[in-house]
Amino acid sequence: MRTLHAVSHLYSNSMRFQRVLYFICAFQNISCGIHYLASVFMGVTPHHVCRPPGNLQNGEIWELSRCSRNKRENTSSLGYEYTGSKKEFPCVDGYIYDQNTWKSTAVTQWNLVCDRKWLAMLIQPLFMFGVLLGSVTFGYFSDRLGRRVVLWATSSSMFLFGIAAAFAVDYYTFMAARFFLAMVASGYLVVGFVYVMEFIGMKSRTWASVHLHSFFAVGTLLVALTGYLVRTWWLYQVILSTVTVPFILCCWVLPETPFWLLSEGRYEEAQKIVDIMAKWNRASSCKLSELLSLDLQGPVSNSPTEVQKHNLSYLFYNWSITKRTLTVWLIWFTGSLGFYSFSLNSVNLGGNEYLNLFLLGVVEIPAYTFVCIAMDKVGRRTVLACSLFCSALACGVVMVIPQKHYILGVVTAMVGKFAIGAAFGLIYLYTAELYPTIVRSLAVGSGSMVCRLASILAPFSVDLSSIWIFIPQLFVGTMALLSGVLTLKLPETLGKRLATTWEEAAKLESENESKSSKLLPTTNNSGLEKTEAITPRDSGLGE
C-alpha cells in the first residue's frame, strides 16, 4: 500500500496532467446528465382526442373524447348538447395530438395514451433500472479489464445506443435501446469517478469528486435548451447524443491508472505513466521499483494480510450501528427521490417548462460549492440536516402557493432543489466517514443501491401528480423532514479520525457529546484521504 500512497501523493502541488484528465472525464459527465433527464421532454403527453373514422358516411355525427369516440344515433340533432342515444367505439384509428408545443414525442410516436399509458410511465423507471445494473456490471469489468477500456467502451456505446433510441422502429426497440443506454451511462459515471480519484491528489480530492456533479448539472441545462429549440423527439435525441462525440475522439489519449496497473503486476507500464505525469507536471519522477522494494522488505510483507470479506449483515453490527445504517439509507433514498422528483416535475410547475428545468439545473452548481465550503466550517451533520429541513420547508411552501403565482412556486422549487442537491452532494463523503475501514466501501455501495431504488420510484411519484398535483412535494417533503430529524441523531465526523474498528465507530457518539476535547479540523478531503481506494463496483455516484 505504501507504493500506492506514494503515487497518489506524487505531484500534489503541480497537477497539470491531472487537471487535463479531470476535465476530459468530467466533460463526459455532461452526456450522462443529458440522458438521465432527456425523458422530461421526450416523454411528454400532449393534449389529444380520439381520431374520427377515416370512412365517414354521409350524415354521421361523432363525439370525440380523449380515449373514446361516440356515434350519435339521432343524426338530426346538431347541437353541442346531446341527450339522445349514442354508441361508444374505441380509438382504433389513433389520436389527434396538440402540436402547439411538441410536433412529436415518444408518446405520440407509439400512441402511449389511454389504455397504453402505462407503457409511457415505464420509460424513466426502466431507464433507472438499467442505471442500477450498469453500475454493478461495469464496476466489475473495470476491475478485470482496466479503467481505460471501460471508459472508451461505455462512451462509444452511449453514442450508439442514443442514436439507436432515436431511430427505433417500435416501442420495444426504443425501450431496449434506452435500457442499454442507461447501463453504459451509469457504468461511465462509476468508473469515471474511480478513474479521476486514482489520479487526483489528496488535497483536491473532495472538491474534484463533488464538482463532478456540477458537470452532470450542465447536462440538465443542455436538455432544457435543446428541448426549447427542437420540438421533434427523435431529432432532439440525436442532437443530445452527439454531445458525447468530443470525448470519444479524445478518450484514446487517456492512460490507464497506475493504481490498476500496479494491482495487475504491470510495473513497467505503471512506471511509464508516472514518468509522463512527471514530465507534464515539470517534476522529478519516482522509481516504482525502489518503492516496491521497500514494500517487499517491510515488516508487513513478512506475514501477508488476509483480506476479510464482509457481507451486508455487518452494517447491522449492533443496535447503535443498525440505527445509523437505516438513517443513512433513508438519507440516500430521500436525496435521490428529491433530486429526480424536482427535475422531472419541472413541467408541472407552471410557466415556461424549459426555463423551469434550466433554473432547477443551474442551482445545483452553487449547491455543490456551498457543500465543499460549509462542511468544513460548521460540520457535516449540521449542513446535511439543515439542507434536508430546508428542502422539506420548500416542499411545504410550494404546496400552499396558489398556482396563479407560478413564479413564486418556481423560485421556491429552486430553493428546494438547491437544498436537496447540497444533501445529495454531501451524503457520499459523510457515509464514508461514519463507518470503520472494514465495511466503509460496503456502506457506501449499499447506500448508492438504495439511492438508485429511489430513482426508479421517483417517476411514479411524479406521475401521481395527475391525481393531485402536489403529491411529489408531499412525498419528498415528508421524507426530507423525517431524514433531517434522524440526521441530528448521527455523530459529527468533522475533526475526527477515520474509524478503523467497530469500537472506534461506536465512540463517535460519545466524542460528540464530550466538550472537553478539541480536535483540529481535518482537510476537506478527510473522508477520502485515509481510506483505501474504493472499488468502482462499491463506489457509484448518487446520480
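Placed from the backbone N, Cα and C atoms, the Cβ positions cover glycine too.
According to TrEMBL, the domain 'Major facilitator superfamily (MFS) profile' annotation covers 72-495.
Marked as region 'Disordered' by TrEMBL: 508-543.
The transmembrane segment annotation in TrEMBL covers 20-38 (among others).
Residues or ranges marked as transmembrane segment by TrEMBL: 118-142 (among others). With a threshold of 8 Å between CB atoms, the same-chain residues lying at least 6 positions outside the transmembrane segment (118-142) that come near it are 36, 39, 42-43, 45, 106-107, 110, 112, 150, 154, 171, 175, 178-191, 194, 344, 448-449, 452-453, 455-460, 463, 535-540.
TrEMBL lists 149-169 (among others) with the feature transmembrane segment.
Annotation comment: TrEMBL describes 175-196 (among others) as transmembrane segment. Tertiary neighbourhood of the transmembrane segment (175-196): same-chain residues 21-22, 25-26, 28-29, 31-32, 35-36, 122-123, 126-135, 137-139, 141-142, 147-148, 150-151, 153-155, 157-158, 161-162, 164-165, 168, 208-209, 212, 216, 254, 257, 533-537, 539-541, 543, selected by CB-CB distance under 8 Å and a gap of 6+ residues from either end.
When Cβ-Cβ distances below 8 Å are used as the criterion, the transmembrane segment (208-228) is approached by residues 22, 26-27, 29-38, 40-41, 189, 192-193, 196-197, 200, 236, 239-240, 243, 343, 354-355, 357-358, 360-362, 364-365, 368-369, 371-372, 421, 424-425, 428-429, 528, 541, 543 of the same chain, each at least six residues removed from its ends. Sequence annotations record features per position, and here TrEMBL assigns transmembrane segment to 208-228 (among others).
Look at TrEMBL and you will find 234-254 (among others) tagged as transmembrane segment.
The feature transmembrane segment is assigned by TrEMBL to 326-342 (among others).
Among the features that TrEMBL reports, transmembrane segment is placed at 354-375 (among others). Taking Cβ pairs closer than 8 Å, the transmembrane segment (354-375) reaches residues 37, 40-41, 206-207, 210-211, 213-214, 216-218, 220-221, 223-225, 227-228, 342-343, 346-347, 383, 410, 413-415, 417-419, 421-422, 425-426, 429, 494, 524 in its own chain, all 6 or more past its ends.
Residues 331, 334, 338, 371, 374-375, 408-409, 412-413, 415-416, 418-420, 422-423, 426-427, 430, 470, 473-474, 476-478, 480-481, 483-484, 487-488, 492 of the same chain, all 6+ positions outside the transmembrane segment (382-401), place their C-beta atoms under 8 angstroms from a C-beta of that stretch. Taken from TrEMBL, the feature transmembrane segment applies to 382-401 (among others).
Here TrEMBL flags 407-430 (among others) as transmembrane segment.
Annotation source TrEMBL lists transmembrane segment at 442-461 (among others).
The transmembrane segment feature in TrEMBL is assigned to 467-488 (among others). Sequence-distant contacts of the transmembrane segment (467-488), counting only residues of its own chain at least 6 positions beyond either end whose CB sits under 8 Å from a CB of the stretch, comprise 327, 330-331, 333-334, 337-338, 341-342, 345, 348, 381, 384-386, 388-389, 391-392, 394-396, 398-399, 403, 416, 420, 461.
The stretch from 20-38, 149-169, 234-254, 326-342 with the most CB pairs below 8 A to the transmembrane segment (407-430) is 326-342.
Sequence-distant neighbours of the transmembrane segment (149-169) (same chain, 6+ residues past either end, Cβ-Cβ under 8 Å): 25, 28, 31-32, 35, 138, 141-142, 177-178, 180-181, 184-185, 187-188, 191-192, 195, 234-235, 237-238, 240-242, 244-245, 247-248, 251-252, 254.
Sequence-distant contacts of the transmembrane segment (20-38), counting only residues of its own chain at least 6 positions beyond either end whose CB sits under 8 Å from a CB of the stretch, comprise 127, 131, 151, 155, 158, 162, 181-182, 185-186, 188-189, 192, 195-196, 199-200, 208, 211-212, 215-220, 222-223, 236-237, 240, 243-244, 246-247, 250-251, 254, 280, 343-344, 357, 543.
Mean pLDDT, taken over the domain 'Major facilitator superfamily (MFS) profile' (72-495), works out to 85 on the 0 to 100 scale.
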